[in-house]
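> One structure, pasted below without further comment.
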């Protein structure tokens with residue numbers, strides 16, 4: 001099984017030294033991610049493409065899925081590589097591989113060639129195309145918009161028959177740009193803005209300001225872990241949780257109502273700047289869009305930025321909400337965001353849309369900055385992979401089981417895409433599918449006389465959701481111990 005990885009076009013136009021560095025980084029990223037699923041995979045870099053090989057045919061579906069989510073890959077080709085002797089041998093091998101798929105179809109043959117041969121690419125197209133047309137009575141040659149395009153790449157004495165083309169997400173490989181710190185709230189905007197910087201080649205760390213208690217933090221951790229695991233699992237990143245409840249309390253008590261929203265955002269970027277400085281991160285990323293809410297006018301955004309010592313970047317600044325939601329759906333964060341309340345909006349009833357600097361600074365003189373300093377000093381710093389370990393400690397009242405009773409139902413909480421690609425079954429036991437992001441709204445509708453054992457491939461979401469359900473009064477929930485079984 002072989003895949004040929006084609007690079008993002010902007011990589012191709014870089015200088016030779018930059019291009020080599022980018023390709024080297026992308027090769028390492030691909031290897032780091034694929035080794036989690038197939039420890040026998042081989043990744044080899046070439047000048048203008050990267051080659052991925054595996055002997056484990058059963059891993060085909062997961063490798064295709066994962067390659068389609070690695071930044072830096074424009075598209076990749078699934079190929080069947082074989083040696084050949086002459087043009088007739090190329091024709092015979094092509095007929096054996098694709099003949100059945102051309103029945104009752106129109107087709108054309110396209111060839112790319114490297115190396116020294118006695119024939120040209122056009123010669124091969126004509127010879128193979130003519131041969132297929134004669135050998136398959138119901139097939140017909142059509143050079144424009146055919147039903148099937150037979151693609152063959154020839155390099156020296158080997159031919160590659162292209163079986164399928166799969167699209168990547170493009171962008172730059174992670175690690176080719178500097179790190180950023182994303183202020184993630186769990187809503188549509190912050191998830192999408194985080195993804196946009198991942199796709200642009202930055203390693204994205206996450207900073208969460210907790211305004212809503214344990215349930216809010218669990219939801220945000222789910223989103224951050226989902227984005228990291230799907231799109232940037234090649235790199236270690238940090239998840240920073242800062243309890244902002246006392247900061248909000250100080251604002252509610254001492255700041256004029258109309259200025260609360262801007263002051264809160266200024267406190268957030270001050271705190272985030274301290275975190276960024278600690279880890280040598282150059283920029284803060286937010287999901288703000290111009291005019292979307294009262295604090296997001298140009299006047300207010302400028303005042304917010306003045307409180308930051310780090311560069312503040314807003315990739316969604318000109319995006320419509322509809323476009324942002326569509327992108328959230330594309331990357332798989334929309335359902336998580338739908339269940340996440342917006343806490344910032346509840347603290348100011350009559351927010352100003354054009355804050356005055358002198359007035360904001362005067363209001364902040366009433367604020368006890370020791371409260372902000374304490375919040376930053378007591379921040380929780382996690383390697384995002386430790387979310388599972390931390391949850392293991394938190395979910396002390398949730399049983400982990402490997403042997404099931406007759407009253408136990410396995411609840412597969414993976415996303416629909418993961419469920420469809422790798423269905424989970426266990427002989428003798430009922431398995432239901434309910435995506436993790438629907439548990440909060442639909443778990444109560446299940447038969448509560450049953451015990452539900454949560455299943456996901458790595459166990460992280462199962463443990464997070466078990467904690468959430470326990471906190472909401474559901475005692476009939478446990479975690480499946482063999483969460484890494486496919």
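Using the three backbone atoms N, Cα and C, a Cβ is placed for every residue, glycine included.
Feature list, courtesy of Swiss-Prot:
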type: DOMAIN; residues: 61-165; note: domain 'THUMP'
type: BINDING; residues: 183, 184, 265, 287, 296; note: ATP binding site
type: DISULFID; residues: 344-456; note: disulfide bond
type: DOMAIN; residues: 404-481; note: domain 'Rhodanese'
type: ACT_SITE; residues: 456; note: active site, cysteine persulfide intermediate
> Are there any residues at least 6 positions away along the chain from residue 183 (ATP binding site) with a Cβ closer than 8 Å to its Cβ? List them or say none.
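190, 207, 208, 209, 268, 269, 272, 284, 285, 286, 287 - these are the non-local Cβ neighbours of residue 183 (ATP binding site), listed in sequence order.
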> Compile a sequence-ordered list of residues in the same chain as residue 296 (ATP binding site), six or more apart from it, whose Cβ lies below 8 A from its Cβ; state 'none' when nothing qualifies.
288, 289, 290
> Within 10 Å of the Cβ of residue 287 (ATP binding site), how many other Cβ atoms are there?
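Here the count is 25.
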> Pull the DSSP breakdown for the domain 'THUMP' (61-165) and write it out as helix, strand, coil residue counts.
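Helix/strand/coil tally for the domain 'THUMP' (61-165): 38 helix, 38 strand, 29 coil.
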> Under 8 Å Cβ to Cβ from residue 184 (ATP binding site), same chain, six or more residues apart: give me those in sequence order, or none if nothing qualifies.
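190, 191, 194, 206, 207, 208, 220, 223, 224 - these are the non-local Cβ neighbours of residue 184 (ATP binding site), listed in sequence order.
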> Helix, strand, coil residue numbers for the domain 'Rhodanese' (404-481) per DSSP?
28 helix, 17 strand, 33 coil
> By the DSSP assignment reduced to helix, strand and coil, which category contains residue 183 (ATP binding site)?
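Residue 183 (ATP binding site) sits in a strand per DSSP.
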> In the predicted model, what is the mean pLDDT computed over the domain 'Rhodanese' (404-481)?
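So the average pLDDT across the domain 'Rhodanese' (404-481) works out to 83.
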> Between the Cα atoms of residue 456 (disulfide bond) and residue 265 (ATP binding site), find the distance and write it as a whole number of Å.
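Counting only the Cα atoms, the answer is 36 Å.
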